[in-house]
Amino acid sequence: MDSKMLTVLILLSALATCLSVPRRCSPGEAAIGRCRTPAEETQCMEMVLGYCQDVPYSHTTFPNIVGHRSRQDLEMGAEYLLLSVIHALLNGECSPDIRLLGCSVLAPRCQDNRIMKPCRSSCEMVKKSCIHAFEALQMAWPYFLDCDRFFVGSEEGCYDPLSELREKQEVAFADISDGGVFTILRFTYHTNSQMFSILKKTAAKCPHISQTYSIGRSVQGKDLLVIEFSDNPGQHDLLEPEIKLIGNMHGNEVLGRQLLIYLAQYLCSEYLRGNERIQSIINTTRIHILPSMNPDGYEIAASEGHEYNGWTSGRANAQSLDLNRNFPDLTSIFYNRRRFRHFRSDHIPIPESYWMNKVVAPETYAVMKWIRSYPFVISASLHGGELVISYPFDLSRQPQEERMYSPTPDEQIFRRLARTYADAHPTMSNNDTERCGASFANKGGITNGAQWYSFAGGMSDFNYLHSNCYEITVELGCDKFPSEEELYPEWLRNKEALLSFMEFVHRGIKGIVKDEHGNGIKGATISVKGMRHDITTAEDGDYWRLLNPGVHIVSVAASGYSKASKRINLPRNIQVRRVDFVLKKVPREPSLDYFNIPELDNYERFDPFNQFEQNSRRELGENGEERIEKPWWWAYFSQLGISAPTWLLQN
């Protein structure tokens, strides 16, 4: 045999060996579905994968769409492992949607010995509603859920892998919604995942007036999910005031959480139904609702249930921190500065000592950023354990006094705001109502917080001293965890009070502060003579100043501009009046005025030590290259000896 023939035989032998070795498809082959050798034929086989047993079909085939050539090959891969742990990773959010969507690619539907590809529209819908959950974990969207590569359009004969899931959800939610414009509220307690689903379902039902967004995550990774209502969701409209409602700050005080879930559903359905009052509220106000600020604590309280009725179980977050004692103590700074002539009782910066000396809960951090990001005017935090409305200050002006009347400069505004809720509640302001221990009957169901009991680090004081927002604390009743039979009566007692509270934001004056060219001036201060507390203009120069009826001298000042003042008469028959200001540019002169008070320039410094934003610690590898520490979930995959799923790492 000559050398040329030997070479040919060797090449043929090598080729035969190559053809006999199973291989994964290249990304390009997978993208177009060409994952088979010429000798292969698609053979449908029974679905036996444990995590894909509930897909809406019974047969699959291999190689699959991304190139796993057998069931064993798939079960040893990181893709299938991800599906097995995704529920735990995302704390039940987007489950089982993500898993079923993944199964439609990893174990595709097989019919008549032909692969049926899933619909791109299904993928895009799930990605839109769930990608934030991956981002919160510093996890990239899985490559095998690439909507463009592995999913097809309806014109190519796709199928919806979530069809049966949607049908089951419709049945499960049949007692929540009739499918039309009416909503039938289900007066039972909801788990965190049920709450997320209801909020997102509500936003999907009313997409033109509602959306959901996350402000952060709890210690255990649960979303702090907000639902927003506005005639222009996602955008701030000029001169439209913004309000927020917060529930479940203490995890075992659960009634407020449920009331806000019901309120979100009610606003959506009544708007669609044509309720003129609800339409007026939503068309003129931007409403942000956070039903649960402490979802971790709620799970502890819910595990014990209302029959146990523990007074403290689940109150704190997963770090055992009381969130209503975890905010910066700006009230003490206010008390220390009030003897100075030019002291300021608004937009007090967060002292650096707070970041250095205090364990800041992620829930607190998220809410502080939220407060700084939106021009909130009023807010209510819903609690339990008493039947009363409490308003700032919550910290006594004398540290040694545990119960001491400690009013803000806006005492009369706060009293009227508190009265609005209490008077609209059928029993809160009633002197005959049985109370829970404290006596508020002679006060009409409202109280100054520090006069009730004094504490530092509260959220309401922080709102008032760090932003433009006036927040009250609504104590909904003696029972922190009432039975489910009480949920419907409590909704009836509080519905009108919640609506009246939201309408209160349209009181006082509002307007725009502009320069001579018509441009809005951000950060201008609005001062009212006789009230030592100012508010500032928003991004586009608009403002809202709560005022009681009467005559007021209102002044506006901004650094680099002349000062302007107007005498405003607010009759009792006019709730809100528009008052605009035009300021002229002037040379900046150094003076001991508002703008030279020490530390005012530190207001924009938030988290100066980057305590939370620095989520990954960078270090150098053996060769001097920059190495990023892997996120905590990497251990799910790295300890099993499988190929490392670097595709799950962001960037």
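If you go along the chain as it appears here, the first residue is 1 and each next one adds 1.
Glycine is no exception: its Cβ is also placed from the backbone N, Cα and C atoms.
Just so you know, TrEMBL annotations are computer predictions that nobody has curated.
TrEMBL annotations:
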SIGNAL    1-20  signal peptide
DOMAIN    39-161  domain 'FZ'
DISULFID  Cys123-Cys147  disulfide bond
DOMAIN    188-505  domain 'Peptidase M14'
ACT_SITE  Glu475  active site, proton donor/acceptor
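Fewest other C-beta atoms within 10 Å: among the disulfide-bonded residues Cys123, Cys147, that description fits Cys147. For the domain 'FZ' (39-161), the number of residues in each DSSP class (helix H, G, I; strand E, B; coil) is 53 helix, 13 strand, 57 coil. Distance noted between the C-alpha atoms of the residue listed as 'active site, proton donor/acceptor' and Cys123 (disulfide bond) is 43 Å. Residues belonging to the domain 'Peptidase M14' (188-505) score a mean pLDDT of 92 in the model.
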